[in-house]
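Trainee: Okay, handing you the structure first.
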Amino acid sequence: MPTIQLGVYLTSGQETYRAVGWALEAGYRGIDSAQMYRNEKQAGRAILDFLASEANVDGLRREDIHFTSKLASNSAYDTARKAISRSVKECGLGYIDLFLLHSPYGGKTARLESWRAVEDAIKDGEVKIGGVSNYGVKHLQELLASNPNIPPAVNQVEVHPFNTRTDITSFCQEHGIVVEAYAPLVRALRMKHPTIVQLSNKYKCTPAQLLVRWSLQHGYVPLPKSSKKERIVENADISGFAIADEDMQRMDGLDEYLVTDWDPTDCP
Ligand SMILES: NC(=O)c1ccc[n+]([C@@H]2O[C@H](COP(=O)([O-])OP(=O)(O)OC[C@H]3O[C@@H](n4cnc5c(N)ncnc54)[C@H](OP(=O)(O)O)[C@@H]3O)[C@@H](O)[C@H]2O)c1
């Protein structure tokens, strides 16, 4: 799975098309979309157009790109299964690399039936990998206790220094579930925080690069979003430095349970 992926939440179809093209040119190999974002089609089109273009200097093929989408709402098996097929058709990529249940909302029966739909989409070749998003520890335990044929490979949750969610991330890491960190840039709400500014100066990087690096050093897959070309390039340009252990701990200590979007992790 690519280590840094472009998020395309709150990005219109046209913006998504442009941003995905710029990201692929800049070296991103993963795109994070969702049914709810209403841009699966433009994301898929941008991927195919890039692959066929002269900008594809490395001769990349469909299988070199990792495309994610998510089920808008959990439901009965048939409804979920059909919705997954619709996403595959909508993106035009032939299959979806990673398909997630977007949240645990809907109750236990809907969660487990929707998961069965993901498993069957994998068996049918429409999806390569299955996962969940916004699952709290109790939702993960419920799914694992149901003896799934295929366990979830990913949990995508809000994770950054201002909301570290160590309860969820440590459970995932203990169970071999990859943590995808959404809102890794804290939605740009803490770029001027004194500790972030001080450490960015120390490492001669931007606040955004520091936040992406923090995520990677914890072993997460960050999904930074931007609709601006220069920021898309900047956010993935993080190989020139490493954050020292004591500074990682300082950043971990900034936790204030800051929720930038929604927090379904405790829902029944
Ligand atoms: N599963 C879920 O429930 C869920 C929920 C939320 C997000 N996500 C995923 O995670 C992705 C990222 O989360 P997010 O979009 O909420 O927040 P984010 O990536 O933390 O932050 C995006 C914000 O930061 C700004 N930004 C980007 N690069 C910057 C830079 N270098 N310097 C300053 N500002 C910068 C962007 O503005 P510009 O666009 O103007 O550059 C945008 O306002 C989403 O796109 C989505 O794919 C998933």
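Backbone N, Cα and C define each Cβ position, glycine as well.
Unlike curated entries, TrEMBL annotations are predicted automatically.
Residues or ranges marked as domain 'NADP-dependent oxidoreductase' in TrEMBL: 12-186, 195-255. Residues annotated as active site, proton donor in TrEMBL: Tyr37. What TrEMBL records for Lys70 is site 'Lowers pKa of active site Tyr'. Taken from TrEMBL, the feature substrate binding site applies to His102.
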Trainee: For Lys70 (site 'Lowers pKa of active site Tyr'), list the number of other Cβ atoms lying within 10 Å of its Cβ atom.
Mentor: 24
Trainee: Where does His102 (substrate binding site) sit in DSSP terms: helix, strand, or coil?
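Mentor: Where His102 (substrate binding site) sits, the three-state DSSP reduction gives coil.
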Trainee: How many Å lie between the Cα of Lys70 (site 'Lowers pKa of active site Tyr') and the Cα of His102 (substrate binding site)?
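Mentor: Here the two Cα atoms are 5 Å apart.
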Trainee: Whole-number answer please: how many Å between the C-alpha atoms of His102 (substrate binding site) and Tyr37 (active site, proton donor)?
Mentor: 11
Trainee: If you run the three-state DSSP split on Lys70 (site 'Lowers pKa of active site Tyr'), which class comes out?
Mentor: strand
Trainee: Under 8 Å Cβ-Cβ from Tyr37 (active site, proton donor), six or more apart in the same chain: what's there?
Mentor: Val8, Tyr9, Leu10, Thr11, Thr16
Trainee: Report, as a single number, how many Cβ atoms besides its own are within 10 Å of the Cβ of the residue listed as 'substrate binding site'.
Mentor: 22
